[in-house]
Amino acid sequence: MKGFNSADVSGKQRLVFLDSLRGLAAAYVVVYHMALIPQPQLLLPRWAETFTLMGGTGVTLFFIVSAFSLYYTMPLRQAGGAPLKAFYLHRFLRIAPLFYFMIAATVLRDAWVFDNHHSLQGVMASVLFVFNFFPLRQEGIVWAGWTIGVEMIFYAVFPLIYARVRNLYSAIAMVFAMLLLWYLTLAALDLVALPAGWRESIEQWSVLRHLPIFAVGGLLYFWFARLDPADPERRSKGTMMLVAGVFTFLALIRGWLPNLLGMPYYLQGVAYGLIFAGLAQAPWQLLVNRFTAFLGKISYSLYLMHPPVVVLLMPVYRWIYAGQHPVTLSFLACTLLTFSIMLPLAWLGYRFIELPGIRLGRALEERWWKQPAGQAAVVRR
C-alpha cells in the first residue's frame with residue numbers, strides 16, 4: 001500500500017472528514033423529517049424542495065461511513081488480547097445505551113400519550129436487536145430506529161467480512177456479490193407465497209437490501225489505504241471527485257442516470273462514495289470544519305432523538321407558517337428552531353448516555369483483555 005502502512009490506518013489518527021460526514025448525514029435526515037413528519041407536510045421553498053425531500057438518503061451516507069469506520073478501527077481491536085470479544089463489546093456499548101434509553105422512553109410515551117401498549121415480543125425484538133428479521137416489525141418500535149436493526153446485524157457479521165475481504169479487489173467483488181445476493185433474494189421471494197405486507201416490508205427494510213451500501217464503505221477503505229499523502233495532485237483529485245459526486249447526486253435527483261444497478265437506491269452509494277472520496281482528499285472547510293465535526297460527534301443522539309422533538313414542535317411549525325411570511329423565511333425559521341433545540345439535547349445524550357458507554361467499553365477491555373507486556377499483537381496488513 002503506497003503511502004500508508006497499517007499503523008497509518010489503524011484508527012489511531014482521527015479522521016475529521018469522517019466526523020463531518022456523519023454530522024452532515026444526521027443533519028440532512030433531521031431536515032427531511034422536519035419537513036415530512038408534520039401533517040400536512042411543511043410547504044417547502046422551490047429552491048429547497050427537491051433537495052430536502054432526498055434527505056432520507058443521509059442514511060445511505062451513514063452506512064458507508066459506518067463500514068469504513070469499522071475497517072479503519074479494527075486493527076485497534078486486533079492489537080488487544082481478545083480482538084473478537086473486544087470488537088463486539090465496543091460495538092454493543094457504543095449502540096445499546098442510547099438505544100435502550102430510547103426504547104424505554106418510547107414504551108412509556110406511547111402508553112401514556114397514545115394509549116398504545118407495545119407487545120413484549122416487539123420490545124424484546126428491539127432489546128435483542130433482531131427486529132430486522134421479522135417482516136412488518138422491521139422498523140422497530142423506536143422512531144427512525146430501523147437503521148439500528150440493520151447496523152447491528154452488519155456488526156454481527158463484520159468480523160467474518162473483515163477476515164475475507166482484505167484488499168481492494170476483493171472489496172470490489174464484495175460490492176457486486178452483495179448486489180447479486182439481494183437480487184437473488186428478490187427472485188426467491190417471487191417463488192413463495194408470503195403473508196400480506198411481508199414482501200413490501202422485506203424489500204424496504206431487510207438488511208440484505210442495504211449490504212451493497214456497506215460494501216461501498218469497505219471498498220473506500222482499501223482505496224483510502226492506497227492513497228499517497230505526498231501526492232501533489234491529491235487535493236485536485238479530491239476536488240474532482242467531490243464535484244463529480246455532487247453532480248451525480250443532482251443527476252440522481254433529476255432522474256438523468258440510467259438504472260445500471262437495478263435500483264436507483266444503489267446509485268446513492270455511487271454519489272456518496274464519490275463525495276466521501278473527494279472530502280478524504282480535499283476536505284473543503286465549508287463542509288469539514290469544527291462545527292460539522294461536532295455534529296458528527298453527537299450524530300447518533302441527533303439522529304435517534306430528533307423524531308419525537310419534531311412531533312412536539314409541529315404546533316410551533318404551523319404557527320410559524322401561519323404568519324404569512326415568505327415560504328423561505330418560514331422554512332429557515334423552522335430549521336433554526338429545530339436545531340437550536342436538538343443540538344443541546346443531542347449533546348446531553350452524547351455526554352451522559354453515549355460517552356459513559358464508550359468509556360465503559362474501554363475500561364472493560366483494559367481490565368479483561370489487556371495484552372500482556374512483551375506480546376504486542378501483530379496487525380494484519
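Cβ coordinates are placed from backbone N, Cα and C, and glycine is handled just like the others.
Fair warning: this is a prediction, and the values are worked out from it, not measured in the lab.
Sequence annotations record features per position, and here TrEMBL assigns domain 'Acyltransferase 3' to 16-346. Model confidence over the domain 'Acyltransferase 3' (16-346) is summarised by a mean pLDDT of 97.
Per TrEMBL, transmembrane segment is recorded for 20-38 (among others).
Annotation comment: TrEMBL describes 50-72 (among others) as transmembrane segment.
Under the heading transmembrane segment, TrEMBL lists 92-112 (among others).
Per TrEMBL, the feature transmembrane segment maps to 141-161 (among others). For the transmembrane segment (141-161), same-chain residues at least 6 beyond its ends with a Cβ under 8 Å from one of its own Cβ atoms are 29, 33, 59, 62-63, 66-67, 70, 84, 87-88, 91, 95, 99, 102-103, 106-107, 110, 118, 122-123, 126, 129-133, 174, 205, 207, 210-211, 214, 218, 303-304, 306-308.
Positions annotated as transmembrane segment by TrEMBL: 168-189 (among others).
The annotation transmembrane segment is assigned in TrEMBL to 209-227 (among others).
According to TrEMBL, the feature transmembrane segment maps to 239-257 (among others).
The list of residues near the transmembrane segment (269-288) in space but at least 6 beyond its ends in sequence, with Cβ under 8 angstroms from a Cβ of it, reads 15-17, 20-21, 24, 57, 60-61, 64-65, 68, 212-213, 216, 219-220, 223-224, 227, 234-246, 248-249, 252, 261. The transmembrane segment annotation in TrEMBL covers 269-288 (among others).
Taken from TrEMBL, the feature transmembrane segment covers 300-321 (among others).
If one looks beyond the transmembrane segment (327-350) by at least 6 residues along the same chain, the residues whose Cβ comes under 8 Å of a Cβ in the stretch are 27, 30-31, 34, 42-45, 47-48, 98, 101, 297-302, 304-306, 309-310, 313, 316-317, 320-321. Residues annotated as transmembrane segment in TrEMBL: 327-350 (among others).
Listed by sequence, the residues of this chain that lie at least six past the ends of the transmembrane segment (239-257) yet keep a Cβ under 8 A from its Cβ atoms are 50-51, 54, 264, 267-268, 270-279, 281-282, 284.
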